[in-house]
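What TrEMBL says about this one:
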- 65-556: domain 'Major facilitator superfamily (MFS) profile' (DOMAIN)
- 61-83: transmembrane segment (TRANSMEM)
- 103-123: transmembrane segment (TRANSMEM)
- 130-147: transmembrane segment (TRANSMEM)
- 159-177: transmembrane segment (TRANSMEM)
- 189-217: transmembrane segment (TRANSMEM)
- 237-258: transmembrane segment (TRANSMEM)
- 342-364: transmembrane segment (TRANSMEM)
- 376-400: transmembrane segment (TRANSMEM)
- 412-434: transmembrane segment (TRANSMEM)
- 440-465: transmembrane segment (TRANSMEM)
- 485-507: transmembrane segment (TRANSMEM)
- 527-550: transmembrane segment (TRANSMEM)
């Protein structure tokens, strides 16, 4: 590789690409070779930006904060479990059908959608500690209001605002892990967060099922006496809301005493913009080639020759640096994110996994009771065991596997996506078999196998999603991904299936209900969701292979950069 200087004798500097800070290209012919080794800089001017911005924190305090983040993930997901467990009781309390009851459960995700959009705007400008504590305080108030809701409007509003304020914490936690986690444990830490989110749903499901086993809420809430309304606040589907609010209060008290600098991730975008304002950047296969403003930092010729031998093994692409026009920066970031095939297809695939897990929580309990004919307490524990064992093992194994692949191929996504495709294919085949199965034992173990293989792709997919975009757009990309997960995976899927079941239930003259069981139809639709999940993982993998094949051919050509004053006149790549 030969580098020519301009008239000002300024030299290019190279920034090392780490396994988590990899910038990823767009669709417009700008691709990265996905299976190559890490590009090193040797003797050149290194402008390595440490992900902790050069600060050293107490490891014990970091671990305490990480465990607290896990507890936050667990507690915030409790309501997702006990609402989905008690849909039939909610239907009886408010006199609604499948679609409206599922909408009560999904309303929290609608609030989450709006919260995700605002989180991407607030995190870069507000202190993360203030934002986190404030959002948790409002989650407490929303939970208390949910427990006292007497009308559909009240329960809709309380669930919406609960999800709205939960969004600030849920979007923030992966960003905190990405910034403060150890070098080799990012995937594992993300996996633990996903794991304990599912544990929270599990305990919420059990809590809701156990409390409703002690009461029969068969009368409409409008006709309850005062004593019945008071008892329903504790021993019914309303009680877990109060328990969740009580558990959040000590979290807030602990967060008050944690230093703000160990919680703050909002300055990441501002630091990135400051760095880019001082240098002119070129994106080279995920590496920033920057024009150094320090004339004392001259590259040593011997080190340069050593580095050339390493660069010849890699495919290098040049992307002209973008201007930092504040009026167009957000639109450029969104364009970069949405035109990234790895990010988009991986996000769609994860949405499919969340669709499957959400519908499992919403409708599997009624399927066991009405179709397989088991008693309610057995059904509650069966669904809880399915949801805990399959996804828990899947996320744990997926996290360990992702870290192992990351160690051997820190800059490539092909191996991770290939493994995700294989796992999703096994889940798809198993779901087609389970769709034709009715015995309790066969269905029980079949669901565990499906959830294991589908959810094992989650931590690997999430690390691909986080790494597939540049560090400057990572906060916005995280918000967009969370928006997609909640809109498609959590909000739409149970509501659409609920609408289909209502159509079968209330079709004129019972023409459809005589032929089809609404719950059975809904579960079969849920099982078929594994097909598009496998399809999107396959597309993402094909894109990674395609990029790997075409990148070396493109980068063998001479690339001449001219008519730019503040960057070198020519850059040759051999």
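From the backbone N, Cα and C atoms, a Cβ is placed for every residue, glycine too.
Annotations in TrEMBL come from automatic prediction, not curation.
Model, not experiment: these values are computed from the prediction.
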**Request:** Look at every Cβ pair spanning the transmembrane segment (485-507) and the transmembrane segment (376-400), keep those 6 or more apart in sequence, and say whether at least 3 of them are under 8 Å.
**Result:** no
**Asked** Considering pairs 6 or more residues apart, do the transmembrane segment (237-258) and the transmembrane segment (376-400) have at least three CB pairs under 8 Å?
**Response** no
**Request:** State, in range form, which of 103-123, 189-217, 376-400, 412-434, 440-465 has the highest count of Cβ pairs under 8 Å to the transmembrane segment (61-83).
**Result:** 189-217
**Prompt:** Does the transmembrane segment (527-550) come near the transmembrane segment (189-217), with 3+ Cβ pairs under 8 Å (pairs 6 or more apart)?
**Reply:** no
**Message:** Would you say the transmembrane segment (159-177) and the transmembrane segment (342-364) are in contact under the rule of three or more C-beta pairs closer than 8 Å, pairs 6 or more apart in sequence?
**Reply:** no
**Prompt:** Near the transmembrane segment (189-217), which same-chain residues lie under 8 Å Cβ to Cβ, leaving out any that are not at least 6 residues past its ends?
**Reply:** 66, 69-71, 73-86, 89, 92-93, 173-174, 177, 181, 231-232, 234-237, 239-240, 243-244, 361, 365, 376-377, 380-381, 383-384, 387-388, 391-392, 395-396, 398-400, 402, 455, 458-459, 462-463, 466
**Item:** Residues of the parent chain within Cβ reach of the transmembrane segment (412-434), under 8 Å, 6 or more residues beyond its termini
**Value:** 33-36, 342, 346, 349, 398, 401-402, 405-406, 442-443, 446-447, 449-450, 453-454, 456-457, 460-461, 463-464, 467-468, 527-528, 530-531, 533-534, 537-538, 540-541, 544-545, 548
**Asked** the transmembrane segment (440-465): which same-chain residues, six or more beyond its ends, come within Cβ distance under 8 Å?
**Response** 174, 186-188, 190-191, 194, 198, 342-343, 346-347, 349-350, 353, 356-357, 360, 364, 368, 372, 374, 382, 386-387, 389-391, 393-395, 397-399, 401-402, 405-406, 413, 416-417, 419-420, 423-424, 426-427, 430-431, 433-434, 477, 481, 527, 530, 533, 537, 540
**Request:** Would you report the average pLDDT that the model assigns to the domain 'Major facilitator superfamily (MFS) profile' (65-556)?
**Result:** 77
